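Features as listed in TrEMBL:
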TRANSMEM  6-29  transmembrane segment
DOMAIN    9-277  domain 'Peptidase M56'
TRANSMEM  36-55  transmembrane segment
TRANSMEM  111-131  transmembrane segment
TRANSMEM  200-219  transmembrane segment
TRANSMEM  286-306  transmembrane segment
Amino acid sequence: MSDKVFLDIVNMSITGSFAILIIMLARLLLKKAPKVFSYALWFVAFFRLLVPVSFESVLSILPFNTTPLSTDMLYIETPYVETGIKAIDSVINPVVATEVFDSTANVYQIFTFWGKIIWFIGVCAFCLYSIRSYSKLKKKLQSAVLLRDNIYISQVVGTPFALGLRNPKIYLPSNLADAQEYVIAHEQTHLARRDNLAKILGYVVLILHWFNPLVWLAFKLFVTDMEMSCDESVIRNSKEDIRKEYSRSLLELSIEKSTLGIPMAFAEGNPKERIKNVMKSNTKKIIGFAGLGAVILIVVIAICLIPNRPQYATAKQTITEINAIATPSATHAEIKTADGNKTITDSAYFNELLTFVEGIEINTKEVKRGSWIDSEENNKITFYRADNSMDSIISFTSDYSKIWIETSATISFTYSVKDPAEVQKGLAAFLGNNS
């Protein structure tokens, strides 16, 4: 197994944990709303826990770099972690670069090597447990008797559940009596909503992130919201008010112990919470400002959690496709902008300008290959050698929002500038114009 797969899992677990905490807070705001809304929120967390890539947006509320652990750090002399939070980086980085027991390996390399082995063993153990449990359950269900359609009665199960993907079947205990029709309606609702697929998706997340206690809590809350939203759907779609009878059915089922050993089956749980939720459920459709407010909250959370925060670094750190912004042979520079022109020959002032340019914060993801075509004349800083030959040109768009570098031999990608106004202000200061 590659180091990248393991580090991607850890990175996703970090960002996914933040998403889980936000969703748990949102559930408090949605406490009185139908559970279908809080149920839907968990798919945002699943995205962060399953998809290693995303687009960038300034609306993202992720407070840190989404890839703090990189495979590149395994091959450099002094590895470091980039969370994007300086206080955390300053504590972690002295540790990860430390050599262990005077060996050539550092903490970062040892963590990656042993971490991927332990993680892989855990994943294999969960998969083997699930396969074994599924096989045992299927064997037990061979004696089940067909009731009608895809519904079966079994003597060996103590709780109802739906099982299967392509042609799912509903299995009922033999002692349901009056509760049978309510239970069937519940399980049919699960299948109509494709909850069987959603639960498997949640279980895949749990297997991949088995080491993260927040993911275990999220899975438990996800299943709770799924079951409660299913209860509410059955209540709403019933022609009569069946809340009392339905609650009595849940109470009867809670007496029986589940014999299921596989999470992909729908073993019912949390009877006390579910009964309380059923009794307070609205028998009418989900309408009005409360429902609209819940939808808006879900959309806002998705917009803020799904995209990555734009990643910024200095121009010196980011523009690595050329050797340097200016070579050591550069001795003077010319600034040419809409605010004016100036040639800088003083060595101290020149070094100050070079430091300023190298420290400009830009997005680490390039905008395009090559220079940016602007309808207006670009702002430029041209670095010269002692013989007045051109060393390199730093170009900005007219609004300072883009930057790229040219030499006689090559041209860099174009990058977005984090704070164009700050760059314009800085160059104006070099021109002797502080306006």
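Using the three backbone atoms N, Cα and C, a Cβ is placed for every residue, glycine included.
Just so you know, TrEMBL annotations never went through curation; they're auto-generated.
Using a cut-off of 8 Å between Cβ atoms, the transmembrane segment (286-306) and the transmembrane segment (36-55) share at least three residue pairs, counting only pairs 6 or more apart in sequence. Under 8 Å from some Cβ of the transmembrane segment (36-55) lie the Cβ atoms of residues 8, 11-13, 15-16, 18-20, 23, 26-27, 30, 66, 198, 201-202, 204-205, 208-209, 215, 218, 221-222, 225-226, 228-229, 232-233, 286, 294-295, 297-298, 301-302, 305-308, all in the same chain and six or more residues away from its ends. Listed by sequence, the residues of this chain that lie at least six past the ends of the transmembrane segment (200-219) yet keep a Cβ under 8 A from its Cβ atoms are 9, 12-13, 16-17, 20-21, 23-24, 42, 45-46, 49-50, 118-119, 122-123, 126-127, 130, 165, 263-264.
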